[in-house]
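K.L.:
Can you read through this structure? Questions will come right after.
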Amino acid sequence: MRLNSIKLSGFKSFAEPTNFMLPGQLVGVVGPNGCGKSNIMDAVRWVLGESKASELRGESMQDVIFNGTTHRKPASRSSVELVFDNSDHRAGGQWGQFGEIAVKRVLTREGNSSYFINNQAVRRRDVQDVFLGTGLGPRAYAIIGQGTISRIIESRPEELRLFLEEAAGVSKYKERRRETENRLSATTENLTRVEDILRELNNNLDRLEKQAEVAAQYNALQSQVTLKQQQLWFLKRAEAEAEQDRVRVEGLQAVNELEERMADIRNNESGLETLRQAHYDASDQVNQAQAKLYESTAEVGKLEAEIRYVLEGRQRVQQRLQQLSEQVLLWNSRREEAEAEIENLEGAGMDAEEQAEMLAAQVEEQSMRLPDLEDALRNAQKADTDQRASVVQVQQQIQVLAAEQRSLDEQRRQFETRFERLRADRNALETPDEARLNNLQSQLQEARELAEMADAVLNELQDSVPQLDEDRRTRQQAVNAEAARHADLSARLEALKALQEKVKTDGKLQPWLAKHGLDGMQGLWSRIAIEPGWENALEAALRERLGALEVGRLDMVRGFLGSGGHDAPPARLAFFSPPQGAPAPAAGRWQHLSDLLRVNDAGLRAVLGDWLQDCYTAPTLEEALSRRSELRPGETVYVPTGHAVSSHSVSFYAQDSEQSGLLARAQEIEHLEKEVRAQALISDESRTALVRAESAYAEASQRLVSARREASESQSRAHELQVETLRLSQLAEQARARNAQISADLAEVEAQLSDIEERRVAAEARFEELDMQLADSQERHAQLGDKVLESERRLNESREQLRTLERQAQEATFSRRSLEARRGELSRTIETASQQARSLADEQQRAQDELTRLTDAAAQGGLQDALDLKMQREQAVAARRSEYDDLTNKLRASDERRQQLEKALDPLRQRITEFQLKEQAARLGLEQYSTLLEEAGADLAAVSQSIAEANVRMHGLQGEIDRLHREIAALGAVNLAALDELKLARERKTFLDAQTEDLTQAMNTLEDAIRKIDAETRELLSGTFETVNGHFGRMFPELFGGGQAKLVITGDEILDSGVQVIAQPPGKKNQTIHLLSGGEKALTAIALVFAIFQLNPAPFCLLDEVDAPLDDANTERYAKLVASMSKSTQFLFISHNKIAMEMAQQLIGVTMQEQGVSRIVAVDMESALSMAELS
């Protein structure tokens, strides 16, 4: 194990990062005084765990941080790192498996000090454990600073023994013995406490057994009381439930009867409504039959007129045949008569029409009034029904109020009785003396507070340790996950690189390229990059040119084809020669595909600009298609997927060659390489966090063990005081509880009495209010009943007037239609007369034909049918009127029955109200006893079974309960917790007995371990002493050129005795080394240190100007000895002596050209010697 390098940053005068490389076995550090050479020694001591500022030549640990100069700011942190070659695996612990170990310490201005081994955060103790037994440490014999040589030789014997122990490697044994002694001390203390607790616990067991016997009697009696009370409540609950069921059944019967009667009323109302509808339908049928009768009457009149017309026509024809002149006169006379009659008919027709319109308006008006009257009737009926319900509601409220008043009177009597009994109990209550009890309770409170504080600390640690463990596990998982992700990214990267290499080396072109010596050239794709997402577009545009090769001149590619062009490449291949400059970018309507390229080579950009001159981009295929009309001939638009659109075509891209995907893979490889590097950093940070989490978890676990011990001790003390206090506190507590309970009961009873009185007064006032409200409601109900009868009368009169008006309107309409028919007949007569007058010349022949043609047979037959139909319709009208009258009588009778049924509902509703009140009272009783049973946590099935098995009756149960209460009172004060305390005490005694046995066994084991460690340490230290003493006796004359020296044990026991140095240079018989000169002391110390090295050579040794007190002759002997020992130990020494410099295999110069800042410089031997002479 050797030191490879020392890295300093911000440590003392080394403001900048400085790396001391130590390749040889003898490395000398030279430089003028005050340049910072000794800071190197301080740095090594500091990183190995030195925590005392004075040992580092400072007042505080902050002094090791560079504090700035006139031209430099102070550093924010100090860092020192030692890099060791551990190829021989000499380092101990888990780090021994590493071939190289880097130990690092970092200190910030905030005072945060951190240690790292191989970039993993560790504790200071972990750093020291690595070098246990190697002679390395903050104050080990392998680091000899200025003045340390003299301090070693002048150390007290006990201090000098430490160097011997370090050389013997017993540091780990001493650490084990110290830990074992700590455990033995803790075990002894625990055993003493357990024995004290056992003595106290045995004293308490007898008293607890007596108290537990009384508590068992109390529990048995209390169980009987609970059972009897639950049986009483159960029986009362069953009685209330039976009463509720009985009242509910009777109430349901009354409700069913009410519903039956209500169903009768609804059926009656339904029939009444049906009769009303039938009444309306019958009225409509009468009107329809009357209308049909009017139509038949008009038809008979029409047929009679036709018959008359035929007879008159025949007579007229005959008269015409006899005398034309008489016919003309006759027709003229008839025309005049018809015209006169038309004039008369016009006046009658206008009167008839006015009468019909007036009657129609009256019918419409009367019809519009009818709904208002029906609404008024319904509103009156609704108000009457609502008022009737209000009357019933008020009556029910009066009945409920009366029952409530009776209940309040009964409650008041009960509470007054209870009030008197409680006052008597309080007067008879005695209050015990509590002076001593208060003192004990104060002590108990203090003990409990201490126990709570210990529990709080324990709980906090119990909460934090799992969290820290979870954090440790989480960070371990994070380390695994980050490592897996790093491996995954690395695998993906290697796969892509392999695929890329395979594409480059495989294929048909590769042999041809190798043949012409072109296989080592890079394709175009490896020299360009494009914005992410546009790789396919660029491949689609360039195709085989993406793999183009660069040549100096394009003329030289003809030589690749061979003579006659028979050696052409087996696949498409492009060459390019970049020009000297790049063309200026051209502005356009579209974005050029070349604008997306990332190419630094101007010539290469010019080539690509030429190839992609007419290539543009569009974000989507839809946009490219929509704007293709803007393209000029030869221009093409590419979308990210590689599809191409020109002004008259669309080409879809697909990977169809061995060069496809080269550019995308190249960019992905570049991205993955960045991710792999970033992931490596993340993995390192995760491992560092894991080390910190494991350290925090281990520290918290140790604190948890101590906290558990302290919590156990506090709980034991509190338990002892609680047991002592319990006996005294029970009587006082029971007296206070009883007094408080009586006071609370009295206050409650007074409040209940006051509340009952207020409720009783309010009930009386409410009763009077409801009485007056009932009288008002009944009066209002009577008024509303009269209003309903008046509305029904007005509605019936309105309906009768409507039917009369409808009949008159139908008659007026029939009269108007008859006049219109007569007027039409007269108009035809006038027309006929006019025609006859105009055609007298040929009338004779036509008259003869008409005489033959005219006949009344058809009219006579139609007349008889019309008369029969008229008679039938007259009978139908009479039948409809008879039905209408019958329905009117039935409607009146049905309405009277409805009113009778409604009056019969009031007594039945009153009975239902009474049943509801009874059921409510039974339900309240049921709920009361159910609540009591539920609050008592009673098992209803078990209570019911106990009642059935013992044939329990309600009578006498209360007396039995009172008797049990008296027996309980006779027991006096009872410690109810005695049973649990006795059980806990016995369990605790069993546990403490086992713990005593375990602790005794542990003490024996620890004492045996200490004896074994002492024996091993004594044997190892004795052997080391003899060996070192021999080496010391041999090296002393070698350094002094004679004389003698030895080590002497100052006591009988080597484990605790000191070591004294006896040294006598040549010619001297001194009895103590304090009589030696400084140079002699230095040589003696060097001899002792080197003697220790002979036994257990440290990996390296640091010597800070130890040759300063020596003359040249002693220095030469010192240098020779160091040179011989460098075969097994690496030496780093600081010296101003040219003799010492000559033995160095490597020289490191330290200078301070900038005031206050140390730097290293290369030094040759001549410069070093001259520097030594100048110093």
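Yeah, the Cβs are placed from backbone N, Cα and C, and that goes for glycine too.
Sharing the feature lines straight out of Swiss-Prot:
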type	residues	note
BINDING	P32, N33, G34, C35, G36, K37, S38, N39	ATP binding site
COILED	170-504	coiled coil
COILED	684-918	coiled coil
COILED	944-1022	coiled coil
COMPBIAS	817-828	compositional bias 'Basic and acidic residues'
COMPBIAS	829-838	compositional bias 'Polar residues'
COMPBIAS	840-849	compositional bias 'Basic and acidic residues'
DOMAIN	524-625	domain 'SMC hinge'
REGION	807-849	region 'Disordered'
K.L.:
Using a 10 Å cut-off, grab the number of neighbouring Cβ atoms around the Cβ of S38 (ATP binding site), all chains included.
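P.N.:
Excluding its own Cβ, S38 (ATP binding site) sees 19 Cβ atoms within 10 Å.
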K.L.:
Near the ATP site, what residues other than P32, N33, G34, C35, G36, K37, S38, N39 in the same chain have a C-beta no further than 8 Å from the centroid of the listed C-beta atoms?
P.N.:
S13, G31, V1150, M1152, S1158
K.L.:
Give the helix, strand or coil assignment DSSP yields for G34 (ATP binding site).
P.N.:
coil
K.L.:
For P32, G34, G36, listed as binding-site residues, tell me which one has the smallest number of other Cβ atoms within 10 Å.
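P.N.:
Selected from the binding-site residues P32, G34, G36 on minimum Cβ neighbours within 10 Å: G34.
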K.L.:
What does the DSSP secondary structure composition of the compositional bias 'Basic and acidic residues' (817-828) look like, as residue counts for helix, strand and coil?
P.N.:
12 helix, 0 strand, 0 coil
K.L.:
Within the chain of C35 (ATP binding site), which residues six or more apart in sequence place their C-beta under 8 angstroms from its C-beta?
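P.N.:
Spatial neighbours, sequence-distant, of C35 (ATP binding site): S13, V1150, T1151, M1152, S1158.
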K.L.:
DSSP secondary structure for N39 (ATP binding site), reduced to helix/strand/coil, please.
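P.N.:
N39 (ATP binding site) sits in a helix per DSSP.
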K.L.:
Looking at the binding-site residues N33, N39, which one has the fewest other Cβ atoms within 10 Å of its own Cβ?
P.N.:
N33
K.L.:
Give me the mean pLDDT over the coiled coil (170-504), rounded to a whole number.
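P.N.:
Here the mean pLDDT over the coiled coil (170-504) amounts to 75.
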K.L.:
What count of other C-beta atoms do you get within 10 angstroms of the C-beta of K37 (ATP binding site), across all chains shown?
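P.N.:
Taking every protein chain into account, the count is 23.
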